[in-house]
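Residues annotated as region 'Disordered' in TrEMBL: A:1-20. According to TrEMBL, the feature compositional bias 'Polar residues' maps to A:1-12. Among the features that TrEMBL reports, transmembrane segment is placed at A:25-50, A:87-111, A:131-154, A:208-233, A:239-259. If you look up TrEMBL, you'll see A:83-263 marked as domain 'ABC transmembrane type-1'.
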Amino acid sequence: MTLSTEIATLPQQAGRERSRPARPLPVAAISTLTVAAILGLWSLASAYTLVSPVFLPSPRQVVLALYNLAVKGFVDATLAEHVGASLIRIFGALLASIAIGIPAGIAIGTSRVGRGILDPVVEFLRPLPPLAYLPLVIIWVGIGEASKITVIALSMLPSIILSTSAGVRSVSKDHVNAARSLGASKGQVLAEVVLPSAVPSILTGIRIALGAGWTTLVAAELVAASSGIGFMIQSAAQFLVTDIVIAGIVVIALIAILLEYLARQIERRLVPWASHR
Amino acid sequence: MSILTFRNVSLRYPQRAGNRPGGDVPVLEGIDLQIASDELVAVIGRSGAGKTSLLNLAAGFIAPTTGTIAVDGVPIQGPGADRAVVFQDDALYPWLNARDNVAFPLKLKGVPVAARRERADKLLEKVGLAEAGDRPIWELSGGMRQRVGIARALAAEPRFLLLDEPLGALDALTRSRMQEFILRIKAESGAGTILITHSIDEALLLGTRIIVLSPNPGRLSAEIEAGFSAEVLSGASVAAVKASPLFKRMHAGLTGLIHAAPDDEVAA
């Protein structure tokens, strides 16, 4: 039975094979075409004023807005100053969450007591949308920089803690035993074996945390800030300056892509061995 | 001269919940064994006979259920640098290059960077990898990695070397070269050595003494002295040694001993 169906399908397959183009279109080319198509449709829509320019400025206007933002600025600050304010917040928060998250992750990964204490805290925090606790943080910490950094750091914490504890727990038993048989104390096993083997996982956690933190940052700035890229968009929206709103969104997306790219480069530099385990 | 002693050692794993009741699973029973510095004791036996458990006991990774394991009369308390282990899957640290892997035990001891670098380079030279110090270990072949692993163990200046099927994952050609290499390293280091192996050839060729473990529970079922390693060390070719009638006769004898063991269901 199988024989007969095979014989029946073989010529068809050969036919399909022949009609297929020699080299399929690379994914990157398809993506480029998609972006071009979107930009094209956008241009057409604004050129024929299918949508009011107040709601959808032309791509040209947005580029102009970007230029003006960079040179003259908007609401008392240039684009660079807004972006700078945002970046300071996110990296401040990243440092804080690394300083807390890595030790917490180690505690969860290495000790039963640590896991017992910290697991419920992490599991409570993890599914919460950061904006849900932003008002509370503002009440506690005030409206200044500290509240934004706190909220961003809280949104970054779970992924750093969980990736650290996962990395710590995934350490090879032979690696630990080798160190012990070569004379390592408990502390040395932790410092020389467990932590290094957790680094790839920790870096992945940091990369995910940056993504989460960036989302939270923009949202937090929309709610309460007097500078920053999110604040810039919010102010522009209040005056219906749509071209600046769109320009700001583009900038946010570009920075997010850049951060992701940088994080991947750092991973490749720092742990080239991770792909060879 | 140091002596590693097993005195009436047994090992049982507690029955896991969900298994049939009936007490613990015996792995090793009534092991009495002495290994001196000038010996290379090869341990053979079928899978599940407890070979690796025996080595893990000697290393101190697991504690015996009864009996004691002692070095020069002092009972061991867990793992220590006097009993360095070489693993089947090398267990080298991928985040360190070959030199830093070898220097690892020296780092643990707090030897200054320059001194441990020098010592590691000497050891790498000794194992024939003088040029490989800066290379990441994932670039090295299986045989090279095992040599780095052996150099790392030697860096700890152990009194005993515990080799857990170090050649098990190597191809036949590399394996036979590594066998001679291990003989020479062992002779030079003067560390008493336990070699776990699946290969009767390897046990006969390398061991000054061969121990056969029979399964269920693992017991010492035979102990045989062998002198082939001395012949190889004094210059005889491995091929000639293996072709000798005595080697063949002992090979047949050991094969018989291993398969004569009661053929119960083998415990993992």
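Even glycines carry a Cβ here, placed using N, Cα and C.
Here the listed stretches are A:25-50, A:87-111, A:131-154, and the one with the most C-beta pairs under 8 angstroms to the transmembrane segment (A:208-233) is A:131-154. Sequence-distant contacts of the transmembrane segment (A:131-154), counting only residues of its own chain at least 6 positions beyond either end whose CB sits under 8 Å from a CB of the stretch, comprise 89-90, 92-94, 96-97, 100, 125, 213, 216-217, 219-221, 223-225.
Long-range contacts of the transmembrane segment (A:87-111) within its own chain (CB-CB distance under 8 A, at least 6 residues past either end) are made by residues 117-119, 122, 145, 148-150, 152-154, 156-157, 160-169, 190, 194-195, 198, 202, 205-206, 209-210, 213-214, 217, 228, 255.
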